[in-house]
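Annotated in TrEMBL:
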DOMAIN    A:68-257  domain 'ABC transmembrane type-1'
TRANSMEM  A:7-27  transmembrane segment
TRANSMEM  A:68-93  transmembrane segment
TRANSMEM  A:100-119  transmembrane segment
TRANSMEM  A:139-158  transmembrane segment
TRANSMEM  A:179-204  transmembrane segment
TRANSMEM  A:236-255  transmembrane segment
Amino acid sequence: MKKNRKYLVLEIIGVLLGLVWISPFYLMLVNSFKAPRDIFANVLDLPSQLNFDNYVTAFNDLNFIRSFFNSLLITLASVAIIILFSSMAGYALARNKSKLSGAILLMFVAAMLIPFQSVMIPLTSNFGQVGMLNRVGLIFMYLGFGSSLAIFLYHGAMTRVSISLDEAAIIDGANKFQIFFRIIFPLLSPISVTVAILNVIWIWNDYLLPSLVLSRRNETIPIRMFYFFGQYTRQWHLALAGLTIAILPVIIFYFSAQKSIVEGVTDGAVK
Amino acid sequence: MRNKELSFWLFITPVILSLSLVVILPVVMGFFFSFTDWNGLTFNQFIGLGHYRRLLEDSQFRQSLEFTFIFAFVSVIVLNIIGLSLALLVTSKLKSRNLLRTVFFMPNLIGGLILGFIWQFIFVRVFAAMGNFTGIEGLLGWLSTPATGFWGLVILTVWQQAGYIMIIYIAYLQGIPKELIESANIDGATPFQKFRYITFPLIAPGFTVSMFLTLSSSFKIYDQNLSLTGGGPYNSTQMVAMNIVDTAFASNQMAYGQSKAVVFFIIVAIFSLSQVYYNKKREVDL
């Protein structure tokens, strides 16, 4: 009896805390449907009617279709090459047990300590001088910044992939590329999922790097959002509709792959 | 044998090339340029420690540094307390535990820039409306003073990242053998004793991981700073990362901005390395 009451109290605390946690999203959503004077009259209430005008204006001004596909292109291309090249490197470094390969791995791990702000000024200057401040340059930069953690994760996973698989394939006459792409890479797919999730979250949301690299023509959702919000300061009804639109793809992604996302994020942090 | 060497290099060349051009070369060049009058394209002369001497007298930089240190210190503590509490809550036998886990983790997936804008609305409009309604003056004028800007940033950061820290602690809590808790129950241990003598020591590696992550991420924050306060009022909530970006790209002082970036790098590196060293040592002692 006493135990039950304790759990009831804990249950209520949990639910209240959960409600506090999602209240920012609730407030954003309900006010995004209101006319400006209703936001001032009562900010906590549900809207008196569902008015989609704010959404139409915000959708058009965000140029959402274009910024969405631009974000998608940059994210998918960067994640694909991070997975491809980091898994190859993780494999090669794990199978080659020399001092040199240990030193190379250490160099990648050490590079994770370097904050982005310490390299951004010479980086954008260099890429600008060779005309690479564009989407291709940006994707290449994401490979440079993203490969360290990915190689570290792939290298760790390789310790569980037996070398007898390589040896059997060599006897069957396979070359290194065939061994890797036909046998090893498929075995590493759980790590590839982790690497994909961590990098999608990071690159999709990244603001500073693309804002320094891309021209206004190729802007991503966060960059567009920054200008959009500046344009509608104090016009909260439009700003909130725009924010809701910008968040929607992430929420859909979260609810469609929640289990893998949580597992991937745990792996990335704990390993 | 030669064939083996060749394939090794073919496999690692793409990542070596990108790391060199994107991270290593800019670090080396940046260090070098911080001792010159570099304007982003060319430089004419060495000026030795000129920029670094100027840094010592740059009151805005010093203020940003202090603000960032205090912010990182406070948010690391609050984040870890709340993150661990959430983890304990959702690993208990609550019926709502799975739903709560989903809710607590959700803000973590959304970019800091967007979350900062949402909270700007909450601090400026919702807090003001509630303050006017209830007559609590503490809810009025948020983000318009240095103190409310500071706590606004702490609240935003904790709300965004506590779910992430929660997930890390959950991983360690689930690694605790059930037999230990059961035998403690038989011995009549109180919940506090079980936490202090079983749970706490066994999740110690979790502290290493999450302190390290929160310390470096709080120190490097930029997006949230930009969208929530924009550094205002009067640059009082401007953190180091924003100070560097502004110096280089708004005031166009590339070499001077780079000298700040070098100092920033050294601080982050010292933080990270000492954190790892200290926590490893403590784990062995326990």
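Keep in mind that glycine also has a Cβ here, set from the backbone N, Cα and C atoms.
Listed as Cβ neighbours of the transmembrane segment (A:139-158) (distance under 8 Å, sequence separation of 6 or more from its ends, same chain) are residues 74, 77-78, 81-83, 85-87, 89-91, 93-95, 105, 108-109, 111-112, 116, 123, 127, 132, 184, 188, 190-191, 194-195, 198-199, 202-203, 209, 213, 267-268, 271.
Proximity of distant same-chain residues to the transmembrane segment (A:68-93), defined by a Cβ-Cβ separation under 8 Å and at least 6 residues beyond the stretch ends, is recorded for 101, 104-105, 135, 138-139, 142-143, 146-147, 150-155, 157-158, 180, 184-185, 188, 191-192, 195-196, 199-200, 203-204, 210, 218-222, 249. Within the same chain, residues 25, 28-29, 31-36, 39, 54-55, 57-59, 61-62, 64, 68, 200, 204-205, 221-222, 225, 228-229, 261 sit at least 6 positions outside the transmembrane segment (A:236-255) and bring their C-beta atoms closer than 8 Å to a C-beta of that stretch.
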